[in-house]
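**Q** Starting off with a structure, shown below.
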Amino acid sequence: MLAARTGAAGSQISEENTKLRRQSGFSVAGKDKSPKKASENAKDSSLSPSGESQLRARQLALLREVEMNWYLKLCDLSSEHTTVCTTGMPHRNLGKSGLRVSCLGLGTWVTFGGQISDEVAERLMTIAYESGVNLFDTAEVYAAGKAEVILGSIIKKKGWRRSSLVITTKLYWGGKAETERGLSRKHIIEGLKGSLQRLQLEYVDVVFANRPDSNTPMEEIVRAMTHVINQGMAMYWGTSRWSAMEIMEAYSVARQFNMIPPVCEQAEYHLFQREKVEVQLPELYHKIGVGAMTWSPLACGIISGKYGNGVPESSRASLKCYQWLKERIVSEEGRKQQNKLKDLSPIAERLGCTLPQLAVAWCLRNEGVSSVLLGSSTPEQLIENLGAIQVLPKMTSHVVNEIDNILRNKPYSKKDYRS
C-alpha cells in the first residue's frame, strides 16, 4: 500500500526534493554543489572549530527541513502540523545521539511534591507541553519519590502520546537502607524499576546516574546501565554531577567491553557558573559525543531578582533545607552578583525582555547545550521563562560580549576541539 501511495506521487516528490536540495546549496552528503569564488573557498578553509560546527549545524538543520518537507508532502500535510511550527520551540539532538529534545525542558526539583500543589504541577506541565516542551526531568530522590508519582499521574491523566515525550529520571538516593542508594548493579536495576512503577511507565528515555559513586567499580555501573537499556527499561543513559575524567572512564569501559556509553551530562549552568559547560564538556562532546543538559539557569532563583532586597518568605531560600542557598545570597559574593545583575538590566530592557529571559536565552546561545531545564513554581514564572525562545535570535555576538564584559568570568580553554 505504501508502494502504491509513493508510486507516481513519490517520483514527483523526489524531483521536488532534489530541487530543494539544489536550492539549499548542498547534497545529502553535505557536499557543496554551488559554485564558489576562490576567495570564498579560502575563507571556508580557514574556519575556526566553532565556525565549522556552526556551519555543519546549519547544514544539518537545512537538510532536516528538506526531509521534513518531503515527509509532509508524502502524507498530504502542511508544515502547520509540526510542533516546531505551531509552538516555535526549537529542538536539538541530545549530544551526538539521535534523540531530539526541546531546547527547554521542565524540571521537578523542589517544586513537584514539595513547594507546589498537584494542581499547580498539572498546570505547569500543560503549559510546557502546549508550548512545545517534550522533555520532563525528575529523580527518585525528589520529594522522596513523590515527584515521580505526580509526573506520571499527570501524563496518564492528560493522555499524551508516550512517543511524543522525553521522560528522564535520576538514580542514586533511593532510600535509607545501604542497598537503596548508590550505583551498584542492584540499586540501578531495582531503583529504576521503582521509578517506573511510580511514573506508571514502561520505560524512561534517559536514566541518569545522579552523582558518581566511588564505592562501585565503573565497570559494574556501565554494565548495569547497559542491562537496563537492553531490557527496554531505558533508551539511553547519562551522568549528572560527574567530572570529565569520570565520564571519560565510563566511555572507555563501555568501548572496552562492547557496552553502551553515556550520551549526556546534566550540569549546573548559568551566568555565574560556566567552567564545566563551556570548557570541559565541549571536549567530551567532540571526542565521545556526550552532550550537555543544563539545570538552574537562574542560579536557584538568584538571577530572578527576587533576592535583591533580602530573602522573601515564600522563596526557595526560605525553606529549612535550603539554608545553604540563603547563606550564598547574603554572602559577599552574593552581593557582588546582585550588583552585576543590576548592570545587566539595561541590556534586558534594550532587548525588550526580562532579566530571567535574558539569562535563559544566554544559556541557549551555547550550541553545545542540548536542553536547559526550567524550574518554575508558578504558571507566570514558566510562561516568562519560556519567552526566552523569542530572545534567543537577539543574542548576537555583540550582546554576548557586552554580558561578558559585565560578568568578567568567561573561562578560557587553551585547546581547540574539532569534531
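Every residue gets a Cβ built from N, Cα and C, even glycine.
Take a look at what Swiss-Prot says about it:
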type     : residues                                                                                 : note
ACT_SITE : Y142                                                                                     : active site, proton donor/acceptor
BINDING  : 108-109, Q115, D137, N210, 240-241, Q266, 295-300, K306, R316, G375, S377, Q381, 384-385 : NADP(+) binding site
COMPBIAS : 30-43                                                                                    : compositional bias 'Basic and acidic residues'
REGION   : 1-52                                                                                     : region 'Disordered'
**Q** DSSP three-state call for R241 (NADP(+) binding site): helix, strand or coil?
**A** coil
**Q** Measuring Cα to Cα, how many angstrom lie between R241 (NADP(+) binding site) and the residue listed as 'active site, proton donor/acceptor'?
**A** 16
**Q** Just counting, how many other CB atoms are there within 10 A of the CB of A299 (NADP(+) binding site)?
**A** 22
**Q** From the Cα of the residue listed as 'active site, proton donor/acceptor' across to the Cα of S296 (NADP(+) binding site), what is the distance in angstrom?
**A** 15
**Q** Between the binding-site residues T108, S296, Q381, whose Cβ has more other Cβ atoms within 10 Å than any of the rest?
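**A** Going through T108, S296, Q381 one by one, the largest Cβ count within 10 Å is at T108.
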**Q** Under a criterion of Cβ-Cβ distance under 8 Å and sequence separation of at least 6, what residues of the same chain contact Y142 (active site, proton donor/acceptor)?
**A** T108, W109, V110, F112, G113, G114, E148
**Q** According to DSSP, collapsed to three classes, what secondary structure does Q381 (NADP(+) binding site) have?
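**A** Its secondary structure by DSSP: helix.
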**Q** Highest Cβ count within 10 Å among the binding-site residues D137, R241: which residue is it?
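**A** Of the binding-site residues D137, R241, the most buried by Cβ count within 10 Å is D137.
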